[in-house]
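Engineer: Relevant sequence annotations retrieved from TrEMBL are reproduced here:
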DOMAIN    1-381  domain 'FMN hydroxy acid dehydrogenase'
BINDING   Y25, R165, H276, R279  glyoxylate binding site
BINDING   78-80, S107, Q128, Y130, T156, K252, S274, 307-311, 330-331  FMN binding site
ACT_SITE  H276  active site, proton acceptor
Amino acid sequence: MPVITNIDDLKRLHRKRTPKMFYDYCESGSWTEQTFRENTTDFDQIRLRQRVAVDMEGRSTATQMIGQDVAMPVALAPVGLTGMQRADGEIKAAKAAEKFGVPFTLSTMSICSIEDVAEHTTNPFWFQLYVMRDQEFLKNIIQRAKDAGCSALVLTLDLQILGQRHKDLKNGLSAPPKLTPAVLADLATKWTWGLEMLGTKRRGFGNIIGHAKDVDDPSSLFKWTAEQFDPRLDWGKIEAIKEMWGGPLILKGVMEPEDAIMAAKTGCDAIVVSNHGGRQLDGALSSIRMLPAIMDAVGDQVEVHLDSGIRSGQDVLKALAMGAKGTFIGRAFIHGLGAMGEQGVTKALEVIHKELDISMALCGRKSVEDLDRDVVLVPEDFTGRWA
Ligand SMILES: Cc1cc2nc3c(=O)[nH]c(=O)nc-3n(C[C@H](O)[C@H](O)[C@H](O)COP(=O)(O)O)c2cc1C
């Protein structure tokens, strides 16, 4: 077993062990990938203040996100096609999250269905909703999430239409993959992946096939999804979904203070400052850069979470120090899954936890609740002067 010391180690293994089509699907942003790159490089600009002679015994990273206990404020973000990175990927990731004590969020576009994940876990998980035009499907999937005991609905606001990721088009991304000569040549070197895939029946979009009208196989599914993402989603529809769901609600994909104010007005439980990991609007600023303005706008009204660009426990610490109450990780846990299945997701969480705990201690703080702006050094022009 290789020695894993950081998320980059898992990323290298992920690349080696997963078909190119799915690795590329994970490791890409839209168009020029500027936002995708800056999500991580902007974290690097923030530095930490080393403090000494502070009693560091009895530290804890435990806290709450939307009133739910978490071992550290790091949830697994919704990631479509997780079950293509590794067979039964959503079940494996959900189990790792459950054992670690952090929330798992199941994507609408998952391979394993809501019911399947519920059947293989004991703790409630969060369900991420993409709003579709088909009202019957929408009502039905919300009801299915309720029936499965999901403890929060994460409503994604930044994907009414799909951002273009060049690699997906060039690779002919599909689930399951079409067995072209290039794909077969690639699979020949990824045999563990292939064997595990042959051993599972979960190879299509489990939440959709058999649940949406006239979608019974992968080919009808692609047509359906292309037509179904609802471009008409607005604040009125968000209110209606809030009513329909009736439980804890997290609004994901908020990047501007004006939108954060609108989101807070809905009475949601949290917002996620997120640019979808740089996969939607290329040219948007990184989410860590937008965090201060959003904290100023709504920090006293609603819980603020952040994702996009987190690759270490130090990144988590920086986001918390700048006001976020919680964070989400996407690629960081997918690298773990692609590298080593459930064990790899656990490893990713352990790496992040250790980095958070040690950095927190060296900054002279004993709990994540104590992290504040004094912990970090932020360049004066970090948020930038944009007109
Ligand atoms: C491969 C991939 C698939 C994703 N699929 C979804 C999805 O189905 N629903 C959603 O709300 N966000 C989705 N996201 C965005 C993540 O939830 C999250 O916002 C993003 O990954 C955070 O950035 P990070 O990967 O840099 O941590 C996806 C991200 C990736 C990398």
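Yeah, the Cβs are placed from backbone N, Cα and C, and that goes for glycine too.
In TrEMBL, annotation is done automatically, which means it is predicted and not curated.
Owing to the predicted nature of the structure, the values given are computational and were not obtained by experimental measurement.
For each listed feature, how buried is it and what is near it?
Structural biologist: When pLDDT is averaged over the domain 'FMN hydroxy acid dehydrogenase' (1-381), the result is 96.
R165 (glyoxylate binding site) counts 22 other C-beta atoms within 10 Å of its own C-beta, drawing on all protein chains shown.
S274 (FMN binding site) counts 26 other C-beta atoms within 10 Å of its own C-beta, drawing on all protein chains shown. In three-state terms derived from DSSP, S274 (FMN binding site) belongs to neither a helical nor a strand segment and is classed as coil.
Counting every protein chain shown, the number of other Cβ atoms lying within 10 Å of the Cβ of H276 (glyoxylate binding site) is 27.
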Engineer: Rounded to a whole angstrom, what is the largest C-alpha distance between any two of the residues Y25, R165, H276, R279 that the record assigns to glyoxylate?
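Structural biologist: Binding-site diameter by Cα atoms for glyoxylate: 13 Å.
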Engineer: Can you grab the distance from S308 (FMN binding site) over to H276 (glyoxylate binding site)? Cα atoms, rounded to a whole Å.
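Structural biologist: Approximately 6 Å lies between the Cα of S308 (FMN binding site) and that of H276 (glyoxylate binding site).
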Engineer: Could you state the whole-number distance in Å separating the C-alpha atoms of G330 (FMN binding site) and R165 (glyoxylate binding site)?
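Structural biologist: A Cα-Cα distance of 17 Å.
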Engineer: Can you name the binding-site residues among G80, Q128, I310 whose CA is within 10 A of the CA of H276 (glyoxylate binding site)?
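Structural biologist: The binding-site residues close to H276 (glyoxylate binding site) (Cα within 10 Å) - there are none.
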Engineer: Give the helix, strand or coil assignment DSSP yields for Q128 (FMN binding site).
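Structural biologist: For Q128 (FMN binding site) - judged by DSSP and reduced to three states - the answer is strand.
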Engineer: Which one of the binding-site residues (Y25, Q128, T156, S308) has its C-beta surrounded by the most other C-beta atoms within 10 angstroms?
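Structural biologist: Of the binding-site residues Y25, Q128, T156, S308, the most buried by Cβ count within 10 Å is S308.
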